[in-house]
Amino acid sequence: MANSVAVGLEPAVLQNLTDEIAELRHLIVQMQDDFTENNNAFFMCSMALIIFLMQCGFAFLEAGAVRSKNTTNILIKNLLDSCIAVIGYWSVGWALAYGPASDSTWGLFFGYSQFFLANMTNYPKFFFQYVFAATSATIVSGAVAERCEFANYITYCTVISSIIYPILTHWGWSEQGWMYKGIQSGDIHTKYTDFAGSGVVHLCGGTISFIAAYMMGPRIGRFPKAGEEESIEIKGHSVPFAALGGFILMFGFLAFNGGSMADIVKPGEGNTVALAMINTILSGAFAALTYLIIHYATNGKWTLLLTINACLAGKPFIYSNNEGW
């Protein structure tokens, strides 16, 4: 009789074991998914923190490149870049850049939901994109140094971080954007590719810088009298400040490019991040050495600050091409 009871209980025991194993497998899969999500979030936040440090680099570079009387003005402008950008991107920018658009036609050009981060949960991506928006606005700061009124500076910084940069981001990086979707012609699909923001971030900031510098004209004292062609060189007051800022920016550009991978857990993604950083270093190194050689050949002397600027200019050019190569 005991044997018959044991045999009778056996299917139930096996069923319990099967259920427990299935539940254990489900928990393991859930833990793996959570591990992947948390690691990718930590990676993006870590890279974003390094990119945020670039604000310090811009501040030092610009403070050293201007006259001492304008140092405080430059520093407060760089501080406001970070403050204005986060408020603008939080309230409006994210919605224009990545907010889902129910209308497919309007959605090609901008998003119009998730204002003030309503119903949005991808906070690591927001933080990462915010520091990109702040960088795009800060690029213009150097071009208008010692030229721009304080109120005008606040206005343009607000417009760039809240409207211009987010809309460009939507075009090139949002799945609904017209540049991201591209054009299908027969078997050929042509689309915009920008791994880390050569166009979306740096071309945006550079174009606005060019327009602003042209509209504002030269700094006061650059040309002594109206009609005279010969200019007067206005030197910065601190080469060490400018050099320190340049080195901080060189460091930040590595995270700018490598962090754009966004993921780090899947096989091969770590190598892709490292390769992006290596390409960034190579691009900046070739730009710096090329400029230094040309400058020495034409002027007969070496230059530190212009070589640093050449290195910084060379790094963003590689961002659009780091698509897994």
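Cβ coordinates come from backbone N, Cα and C, glycine included.
TrEMBL lists 41-66 (among others) with the feature transmembrane segment.
Summarising the annotation, TrEMBL assigns domain 'Ammonium transporter AmtB-like' to 41-314.
Summarising the annotation, TrEMBL assigns transmembrane segment to 78-98 (among others).
Residues or ranges marked as transmembrane segment in TrEMBL: 127-146 (among others). Taking Cβ pairs closer than 8 Å, the transmembrane segment (127-146) reaches residues 44-45, 47-48, 51-52, 54-55, 58, 61-62, 65-67, 70, 74, 77-78, 81-82, 84-86, 88-90, 93-94, 97-98, 153, 156-157, 160-161, 165-166, 169, 197, 200-202, 204-206, 208-210, 212-213, 216, 219-220, 234, 256, 259, 262 in its own chain, all 6 or more past its ends.
Taken from TrEMBL, the feature transmembrane segment applies to 153-173 (among others).
Residues annotated as transmembrane segment in TrEMBL: 195-217 (among others). If you look at the transmembrane segment (195-217), the same-chain residues 6 or more away from its ends with a CB under 8 A from one of its CBs are 132, 135-140, 142-144, 147-148, 156, 160, 164-165, 168-169, 172-173, 256-257, 259-260, 276, 316-323.
What TrEMBL lists as transmembrane segment is 238-256 (among others).
If you look up TrEMBL, you'll see 276-294 (among others) marked as transmembrane segment. Only residues 6 or more beyond the boundaries of the transmembrane segment (276-294), in the same chain, are considered here, and those with a CB under 8 A from a CB of the stretch are 195-196, 250, 253-254, 256-258, 260-261, 302-303, 306-308, 310-315, 317-319, 321-322, 325.
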Ask   = In the same chain, who gets a Cβ under 8 Å from the transmembrane segment (153-173) while lying at least 6 residues past its ends?
value = 77, 80-81, 84-85, 88-89, 91-98, 109-111, 129, 132-134, 136-137, 140-141, 144, 179-180, 192, 194, 199-201, 204-205, 208, 212
Query = What residues in the same chain, six or more past the boundaries of the transmembrane segment (41-66), come closer than 8 Å to it by Cβ-Cβ distance?
reply = 74-75, 78-79, 81-82, 123-125, 127-128, 130-132, 134-135, 138, 141-142, 145-146, 236-249, 251-256, 258-259, 262-264, 305, 308
Remark   = In the domain 'Ammonium transporter AmtB-like' (41-314), averaged pLDDT is 91
